[in-house]
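Annotation source TrEMBL lists domain 'ABC transmembrane type-1' at A:70-261. The feature transmembrane segment is assigned by TrEMBL to A:12-30, A:74-95, A:107-129, A:141-161, A:182-207, A:240-261.
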């Protein structure tokens, strides 16, 4: 009796400790952002802010170019992820469903492409973009981000496509659909969770990208939020209230997106990874 | 139905299928369709073209730059000065490069080991918890997972700030008074500790939540059968849970190796590879040498070598995947 009580207690106790460990940094970011400066530099940290202030957020929002950069980040992220989804969907269908010469070679190509250390190729990329006269533009960023997330998108979507039973497609074709129709009417709706999962990771990657925009877009108005956040911190130094407000503004869109899409993302990822 | 028959004859007839362009049986209505043979290539074309232009070209360009003497002067004046293998010679004979390689490998190994072990344990814990507790823990995990890297790095700098940082305050309260104003970014080991904590904290949720989701797909009958055979908790884990999760764990380890090895913003935004360049891993080293110190040709050579190291680290996995693909479809 006693044993089973302990047996039931320790997982729950561990879970509580883990919850605190994982959630605390996020909580601390928001808490600091809303705290008056006096509370931030108190000798004993104020864990539950009582008088919240929006002062730090005002400071962050009024920083140079903030809204332009928000627009840039959103545009680059959304366009690059949508483009990569369309391209990846075509490719993943071929890789999951068709038998053809060189199939393994293609899969290996994308696996290796997934490992591409973009950070270390920035010099070459800088020269290519410069020669194409596209420095300080969002176009080059968008295309590079698209290819950055493409291999992961293809390989994961391929798992989702493979997880859809072949019979569904075949019976649709027996019923008179062409292969394209079978795909758009039967397979595509079933892929919705997969598309969400993969786009989620694409969003995070593109939203976060930092070294490339650092090199390619020196012009302040052509930059994106990660640069703003890192330079914000340099400019504002030890003003942790403003810095945490800036970090919160940067993190919130992804946090919201993630909490909404997470469940679908996970179920899909698993069906993709655990096959065979 | 056709899946059944196909699966059944795939294994023994694999050799035949490989040499035969139009497989018999299920391929019947497939070959009847127009353009069947070129369809996969057309579907792959946009992906391949985009990858070739936007990834392949920079790779080739990078390879070419690595054989050039390229510094700010040459860059601004658009000069091309070939210098053969000088860059490689300089990098490979210097002691810095090998130190960084060793450091990168140890750093990657330590992080991936922590992530996989702790992530698996948290995942198994999720499977044991009641519904309410599980949702609570999941929420914590998802929050950590969803934090954008740059934001997370900034928050960790604040948590570990030497003055007013909550970690130092806590250590001081716990009786570790020498830590009251400790500068975490002052030594190699402590900087790496903070970076490791950050990376492990952000990576565990991916492993744990997906692993938990995978355990929910294990058929209950397997456990019943195991308990009929008199298996205890550990045995049923070893004989049912683990074999079922193996493909997942395998694929995840591979992904984590790549992600950790390439970790850039965490280290760079934390302390730019400092103090004294002691926390530069290969990607940071290539960036600092190439971009920061404006030795562009050298940087290109280092980045090429970085790619080789990454390939070496993942070669074994790539090989198994290739073998596995042979049996699939």
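Yeah, the Cβs are placed from backbone N, Cα and C, and that goes for glycine too.
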The transmembrane segment (A:12-30) versus listed stretches A:74-95, A:107-129, A:141-161, A:182-207, A:240-261: most Cβ pairs under 8 Å: A:240-261
Non-local residues, at least 6 beyond the ends, that sit with Cβ under 8 Å of the transmembrane segment (A:182-207): 73, 76-77, 80-82, 84-85, 88-89, 93, 145, 148-149, 152-153, 156-157, 159-161, 164, 168-169, 172-173, 225-226, 253-254, 257-258, 261-262, 264-269, 272
Cβ-Cβ under 8 Å with the transmembrane segment (A:107-129): same-chain residues at least 6 beyond its ends: 91, 95, 135, 140, 144, 147-148, 150-152, 154-155, 158, 211-212, 214-216
